[in-house]
Amino acid sequence: MLSENNVYIIEDLLTEEKYFLAKKYIENLLETNQENYLLKNYLAITYLCLEENDLSAAIYLELLLNIDELEIDSITETIFKIAQLKYSQHNFNLAIELYYQGLELNPNYVGAYIDLAHIFAQQSNIDLGIEVLKKLLENQPNCIIAYENLGKLWEDIKEWKNAIAVYEQSKKIEPQNLQILSSLANCYLQIDDFNSARNILKEIIKTNPQHIQSYGQLGYVYLMEKKLNLVVDTWKILINQIPKIINDYQSWYQQEIVIKVNKEEVIKLNIDLIDSLQTNKSLGEISQNIGHILFKQGKYKLAIYYYQVSLEHKVENDTIYTNLIVSLFYQNQYDNINIYLEKLKVINPHQYQIITQQINSNLDNRKEDEYQINNPVNQYYETAYEWAKQNNRLETNYYPFELDNYLYLKPPKTIYKQNHPSFYFPEKIELPKPFLVKIPNGKVYLKKTEGSSAIITENNYLIGDLSPESPALSPNHPDSHPSKHSLLKSTFLPTKTTIKGKVLVLAGLLNNVYFHWLFDILPRLYLVELLGINWQDIDYILVDYRTNFQKETLQIFNIPPEKILPLSFPLYLQAEELIIPSFPGCIAWMPSWSCQYLKNKLLGYNKEQKPHKKLYITRNNAHSRRLINEQELIKLLKKNEFEIVDLESFSVKQQAELLSQAKIIISPHGSGLSNLVFCQPNTKVVEIFAPNYVYPCYWLVSNLVDLDYHYIIGETIGSFHFHSFLYPDSRLEDIYLENPKAILDLILL
């Protein structure tokens with residue numbers, strides 16, 4: 001027999017990845033116990049760990065020929081145990097090998113299929129994850145957990161109809177499975193099938209009247225179906241069932257938001273709606289509150305309906321009439337405007353004059369008045385290299401750099417069993433290699449919103465790898481192909497400005513956002529330095545110069561201010577020669593060399609001190625992603641010797657120096673975390689996300705500078721669609737932590 005102590009030693013060596021020592025130890029034991037099938041199993045597992053798969057396979061073949069079913073069950077149990085260990089250690093490839101070996105011996109082990117699907121998803125191989133779960137369902141057609149996980153994978157990639165098909169099939173097996181029903185209702189809502197969603201949500205509530213989120217979802221269905229009475233009834237039940245989060249939200253508004261100069265209209269509208277539901281205001285008043293929220297969201301058609309309902313209930317004021325008139329204008333319902341203009345004239349003559357003038361001056365902001373010339377751009381080169389090659393300019397105008405362009409990603413740590421889909425990426429990602437290119441008579445385009453940019457050749461070809469657009473997509477994402485660029489579909493361009501001389505282009509997307517400035521713009525200067533370009537050889541530098549952090553960093557980087565050509569929006573500029581350093585990698589995806597460059601420039605070569613500070617970075621003075629119950633968290637953190645800092649009051653250099661001294665950093669998602677690039681290796685990071693905006697850019701930075709990254713996600717207020725009604729732009733969501741102590745638990749993982 002194999003003693004417990006022997007097992008402990010073997011598994012301890014496997015845990016510590018001391019595979020060669022484990023092999024020697026097992027071989028020594030086998031010398032005196034040659035027929036022990038458990039030892040042979042551990043040896044086979046160790047061979048797999050050492051990538052000696054043929055030796056492992058030979059042992060398993062021998063075991064299969066010589067042991068009984070109970071003994072097979074015993075060894076497969078051990079294989080799956082070690083597979084789960086390797087999964088937990090994020091040694092995914094080894095875990096996959098072990099799971100598949102175990103399944104060869106016992107193809108009915110459900111947990112192995114589920115874990116394999118999760119691993120493949122984490123590696124961004126959703127197709128394989130789906131294939132594994134389908135295989136499980138072939139073997140066990142009534143396996144509900146397989147349906148749950150398969151449906152979730154389809155949801156993760158927003159394949160709602162496929163998810164619906166899976167959940168509908170599982171519903172036949174367990175008709176009252178609330179998790180299945182809830183997921184199914186959400187999928188129907190995602191495709192605006194309100195009838196199906198309504199029926200399922202009512203079924204859930206009938207089965208379990210305490211299923212809180214269903215009231216939020218059902219109220220949203222009624223909202224879209226224009227059933228105000230039912231909206232009010234269901235949402236009243238919802239807010240009465242979540243008193244703590246509602247009370248905390250209201251208190252936060254009174255204590256933190258009302259006192260600000262900018263009264264945060266969006267938050268006020270949310271609070272007004274919640275208050276009106278709590279205090280049993282009239283249907284007219286509640287309808288008015290709903291109309292205000294819809295108007296602010298730009299959902300004018302639905303806003304018109306709810307404003308008209310409020311008027312039918314004798315609730316009228318100048319705000320209703322003003323918003324109703326504007327909504328009708330945007331919906332091209334001009335015939336109905338005059339009725340409400342006359343009403344407004346009686347209530348508020350001054351406001352009547354203002355809105356009349358706006359209408360007469362064509363207030364429709366959807367028309368891009370700045371676009372004054374026909375757009376000649378309808379062709380593209382995928383890359384600057386392709387342009388240079390086809391125009392015989394590779395030797396004279398194109399300069400590639402051999403810099404490290406690979407990312408190596410470790411999965412984040414969290415309290416959840418499975419990582420959020422935003423972190424589903426392979427362990428190794430190749431970024432485009434950097435270069436610098438000179439384009440004679442080239443043109444630069446930047447949209448008014450800074451969400452779209454383009455570099456255009458003299459003969460009106462767009463250059464794909466120099467023309468990024470928002471949103472920032474992962475490398476080689478099919479939607480980032482230049483054929484999909486919005487400029488190729490636009491009819492007009494702004495009036496062109498022509499400049500004599502050579503212009504160095506450092507403009508990009510969202511130039512005044514600190515993250516993009518640090519990682520997309522500044523590292524491009526390294527390519528200029530590598531090529532040895534002197535400032536006297538450049539006439540202008542096209543770069544943003546609006547913010548203090550831009551001015552400070554440009555001064556540190558020795559950019560001559562007299563050569564700066566500030567950005568205007570929209571921008572369409574042509575110069576005798578454009579000198580364009582590429583982005584370090586892709587937009588928002590940067591290589592390690594860019595991080596080291598930023599450290600060298602902004603932090604310098606100061607001697608490294610042992611990191612000792614514990615920091616909480618507040619976003620209390622920001623306009624989004626603030627922590628609603630932050631004071632509750634701060635109270636806990638102060639007991640654990642954390643400093644509370646607001647980085648808005650620091651210079652860039654001060655931010656860099658502060659974070660270089662940190663051993664633990666906790667913060668809601670926001671630009672301040674860009675300074676993680678200045679941290680020392682192994683600094684512990686906890687990022688707090690809003691429920692519907694999990695963006696992994698700071699996890700990426702943490703991987704590049706070798707930090708110990710963790711994350712936690714805030715709570716949904718009521719339900720997904722109730723929450724999304726309050727915060728339709730997920731980027732602007734504020735965050736609520738139901739259990740702030742979970743942050744401390746995460747730190748101690």
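Just so it is clear, glycine is given a Cβ too, placed from its N, Cα and C backbone atoms.
According to DSSP, the secondary structure content of the repeat 'TPR' (76-109) in residues is 27 helix, 0 strand, 7 coil. Feature annotation from TrEMBL assigns repeat 'TPR' to 76-109 (among others).
If you look up TrEMBL, you'll see 111-211 marked as domain 'Tetratricopeptide repeat protein 21A/21B C-terminal ARM'.
Taken from TrEMBL, the feature repeat 'TPR' applies to 144-177 (among others). Away from its own ends, the repeat 'TPR' (144-177) comes close to residues 110, 113-114, 117-118, 121, 126, 129-130, 133-134, 136-137, 183-184, 186-188, 190-191, 207, 421, 424 of its chain (Cβ-Cβ under 8 Å, at least six residues beyond either end).
The repeat 'TPR' annotation in TrEMBL covers 178-211 (among others). Below 8 angstroms of C-beta separation, residues 144, 147-148, 151-152, 155, 158, 160-161, 163-164, 167-168, 170-171, 217-218, 220-222, 224-225, 241, 720-721 of the same chain, each at least six residues beyond the ends of the repeat 'TPR' (178-211), sit close to that stretch.
Residues annotated as domain 'Glycosyltransferase 61 catalytic' in TrEMBL: 514-686.
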Counts by DSSP class (helix H/G/I, strand E/B, coil) across the domain 'Tetratricopeptide repeat protein 21A/21B C-terminal ARM' (111-211): 80 helix, 0 strand, 21 coil
